[in-house]
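Enquirer: Just passing along the structure, written as structure tokens.
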Amino acid sequence: MGILIQTTSLIYIFPSSLSFGVSTRVGNELGANRPNVARLTALVGLSSSFILGLIALTFAVLVRDVWASMFTQDQEIIALTSLILPIIGLCELGNCPQTTGCGVLRGTARPKLGANINLVCFYLVGMPVAVYLGFFRGYHFTGLWIGLLAAQASCAVTMLLAILSRTNWEDQAKRAKELTSTIEYEDEEKFIIIDEEIPQSSFDNSSDSYYHKFDGSSNV
């Protein structure tokens with residue numbers, strides 16, 4: 001299990017980095033009132049995530065027989081790792097798009113939607129499948145990873161539907177403008193409150209006191 005977890009963590013670095021980049025770019029384009037460019041950015045990011053998923057799948061399949069030997073010489077563990085690595089590759093084929101999709105949702109200021117999709121897919125889809133196959137159908141260790149595959153696949157499909165079919169980019173650009181306007185208004189209010197709390201007389205008194213002390217010290 002440790003070898004496989006380390007492998008998934010290694011592969012996850014790439015879609016995670018893509019997700020952060022897409023999130024920033026989508027947010028910037030919406031803030032600049034360029035919804036078409038934001039939509040294009042999301043599509044390019046998602047397309048790139050599919051390519052990353054295919055690369056991860058290819059990598060997992062190609063190294064399945066030798067990967068575990070870098071960590072251990074136990075033949076049973078090597079054989080089990082060789083069996084599970086292709087399933088991990090399929091998981092990444094779903095994980096890369098869904099991770100990038102979370103980045104798109106963060107860029108449109110909808111992180112709650114992405115969190116809810118992950119919660120439902122992993123705990124209401126993936127976990128029951130893993131428990132059923134692993135403990136009741138005799139798939140054991142393999143069944144647990146098939147449950148993860150079910151979670152990743154359902155999450156990727158739901159995420160893509162939420163982004164591609166339920167996102168009005170013009171409305172998101174207007175919403176971004178409203179959000180940034182609210183922040184600017186709150187900042188202006190803070191400056192006004194600070195100006196009111198510090199009267200001009202305090203500055204005058206402090207400057208008079210300073211010059212008075214300076215004159216007194218010079219006489220000495």
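If you go along the chain as it appears here, the first residue is 1 and each next one adds 1.
Cβ coordinates come from backbone N, Cα and C, glycine included.
According to TrEMBL, the protein carries these features:
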type	residues	note
TRANSMEM	37-63	transmembrane segment
TRANSMEM	115-136	transmembrane segment
TRANSMEM	142-164	transmembrane segment
Enquirer: Report, as numbers and ranges, which residues of the same chain sit near the transmembrane segment (142-164): CB under 8 Å and 6 or more residues beyond its ends.
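Expert: Answer is 4, 42, 46, 83-84, 87-88, 90-95, 97-98, 101-102, 104-105, 113-114, 117-118, 120-122, 125-135.
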Enquirer: Against which stretches of its own chain does the transmembrane segment (115-136) lie, if we need a Cβ under 8 Å and a gap of at least six residues from its ends?
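Expert: For the transmembrane segment (115-136), the list is 98, 102, 142-148, 150-152, 154-155, 158-159, 162.
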